[in-house]
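Colleague: Feature list, courtesy of TrEMBL:
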TRANSMEM  21-44  transmembrane segment
BINDING   ASP143  substrate binding site
DISULFID  CYS185-CYS196  disulfide bond
BINDING   ASP245, HIS353  Mn(2+) binding site
DISULFID  CYS267-CYS270  disulfide bond
DISULFID  CYS318-CYS422  disulfide bond
Amino acid sequence: MVSSTIMAAYKKPRLRLRDVALCRLLSVVFVTLCGVLLLIFLLASNSTSTTIVTHDTDNVDAYHHDLKFEKGHDLPQQSDLSLRLEKINGLPPRNLDLYPTLAKNHIIVVLYVHNRPQYLKVVVESLSHVVGIGETLLIVSHDGYFEKMNKIIEGIRFCQVKQIYAPYSPHLFSDSFPGVSADDCKDKDDATEKHCKGNPDQYGNHRSPKIVSLKHHWWWMMNTVWDGLRETRDHSGHILFIEEDHFIFPNAYRNLQILTSLKPKKCPDCYAANLAPSDVNSRGEGWASLIAERMGNVGYSFNRTVWKKIHNKAREFCFFDDYNWDITMWATVYPSFGSPVYSLRGPRTSAVHFGKCGLHQGQGENKACMDNGMVNINVEQSDTVSNIELDWNVHTYENQPGYKAGFKGWGGWGDHRDRHLCLSFANMYQSTRIASTL
């Protein structure tokens with residue numbers, strides 16, 4: 001009896017120890033499983049499909065309500081990707097902890113990009129050395145979503161930066177307009193014979209989504225920056241526009257500040273201020289004078305007054321049969337203003353347009369060229385500090401070569417759907433809509 005009681009006394013603690021060991025084992029297994037699940041979640045969150053929306057989006061709906069954004073029935077039905085990217089457009093700028101305030105009378109910088117990451121790295125690096133860049137806001141407008149491009153911009157720490165995405169970019173629609181639809185006409189198809197959809201341009205060619213995206217992106221960006229974003233829609237000063245293949249010199253921002261301040265007195269008829277000559281092959285005259293010439297497409301800036309004049313010509317812009325936004329402006333919009341459209345600049349460039357060797361600039365002694373991701377641009381000491389004098393006179397280039405009256409464009413923009421979409425962008429943030437009848 002005593003022996004049995006003693007054995008029972010020993011067995012009970014042994015059972016308890018076994019239970020404790022089992023509980024510990026289960027705890028270890030549970031923690032391990034949680035760790036594995038967490039790892040899987042983190043890995044999944046780094047994929048392209050889930051990193052698109054990586055910011056706090058709690059206030060986005062409130063932003064859109066405040067924006068009073070009007071989605072008309074004439075806008076295409078959006079894909080899931082398009083909707084997610086559009087939501088990002090309502091987020092506040094990043095780096096507010098590093099740059100909580102913007103300088104008074106700052107000049108906003110807008111960089112518009114597509115998908116050339118090797119070029120974008122060069123441009124971002126050049127911007128990081130621009131004197132005064134930390135005083136302003138950099139807006140990056142994306143034509144399509146590309147992870148490499150996105151990561152480069154997310155790495156910016158030298159100023160406030162805001163990313164926006166064109167939600168109706170053809171690159172976001174894989175099987176419907178404004179991308180490629182299965183029943184779209186191609187090349188020189190006859191719509192009646194092929195039973196396909198689309199209107200050819202003046203040369204008989206049907207739309208190419210990759211080409212028309214150039215003009216769509218620029219026009220959407222202009223309307224959104226000037227009239228849509230809460231950060232910019234009340235900005236009355238100048239906004240600087242640059243592309244992903246524009247190398248910006250360290251003195252660019254300070255030079256532009258001087259040009260915009262001098263423009264009302266020195267050149268009251270000038271519509272804009274440019275960082276570079278209209279001739280992309282020129283590095284400037286080197287004279288001791290300011291230059292007034294036609295507005296170039298490298299580092300150009302203008303204010304809201306000019307934007308309103310441009311926006312009033314939405315129909316001219318949207319109905320001109322040329323897929324190039326800049327040629328459309330030069331050939332039809334600017335001439336409709338009734339007087340020469342001059343831009344003020346310095347005698348030495350503060351920005352350079354680079355590209356593949358032989359494509360734009362060639363390989364001359366003073367010309368920029370990119371080869372295997374490397375850029376050979378000579379930045380001299382005078383390019384690092386402001387080199388514009390306040391007492392300079394203005395030399396005006398008159399009777400400059402350009403597109404003559406009667407020029408009808410290079411085509412690529414004949415499809416009625418593209419023209420209507422273009423007008424829809426002009427109406428997005430307006431209380432009075434522009435008629436879209438052809």
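Cβ atoms are placed via backbone N, Cα and C, with glycine included.
A TrEMBL annotation is a machine prediction, not a hand-curated record.
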Colleague: Judged by the number of other CB atoms within 10 angstroms, which among CYS185, CYS196, CYS267, CYS318 is the least packed of the disulfide-bonded residues?
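Modeller: Taking CYS185, CYS196, CYS267, CYS318 as the disulfide-bonded residues, the minimal 10 Å Cβ count falls on CYS196.
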Colleague: Could you give the Cα-Cα distance between HIS353 (Mn(2+) binding site) and the residue listed as 'substrate binding site', in whole Å?
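Modeller: On Cα coordinates alone, these residues lie 19 Å apart.
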Colleague: By CA-CA distance, flag whichever of ASP143, CYS270, CYS422 among the recorded positions is nearest to CYS185 (disulfide bond).
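Modeller: For CYS185 (disulfide bond), the closest Cα among ASP143, CYS270, CYS422 is found at CYS422.
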Colleague: To the nearest whole angstrom, state the Cα distance for the pair the residue listed as 'substrate binding site' and CYS318 (disulfide bond).
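Modeller: Their Cα atoms are separated by 18 Å.
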Colleague: Give the residue from the disulfide-bonded residues CYS270, CYS422 that has the most other Cβ atoms within 10 Å of its Cβ, counting over every protein chain displayed.
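Modeller: Max Cβ neighbours within 10 Å, all protein chains included: CYS270.
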Colleague: Among all the protein chains here, how many other CB atoms are within 10 A of the CB of HIS353 (Mn(2+) binding site)?
Modeller: 21
Colleague: By CA distance, which of the recorded positions (CYS196, ASP245, CYS267, CYS270) lies nearest to CYS422 (disulfide bond)?
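Modeller: It is CYS196, whose Cα lies nearest.
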Colleague: Counting across all protein chains shown, how many other Cβ atoms sit within 10 Å of the Cβ of ASP143 (substrate binding site)?
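Modeller: By my count, 24.
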Colleague: What is the interatomic distance between the Cα atoms of ASP245 (Mn(2+) binding site) and CYS318 (disulfide bond), given in whole Å?
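Modeller: Distance (Cα to Cα, whole Å): 25 Å.
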Colleague: Rounded to a whole number, how many Å is the Cα of CYS267 (disulfide bond) away from the Cα of CYS318 (disulfide bond)?
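Modeller: About 30 Å separates the two Cα atoms.
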Colleague: Sorry to bug you, but what's the C-alpha spacing from CYS318 (disulfide bond) to CYS196 (disulfide bond), rounded to the closest Å?
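Modeller: Their Cα atoms are separated by 23 Å.
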Colleague: Distance between CYS318 (disulfide bond) and CYS270 (disulfide bond) at the Cα atoms, whole Å?
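Modeller: Rounded to a whole number, the Cα-Cα distance is 25 Å.
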Colleague: Report, as a single number, how many Cβ atoms besides its own are within 10 Å of the Cβ of ASP245 (Mn(2+) binding site).
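Modeller: By my count, 24.
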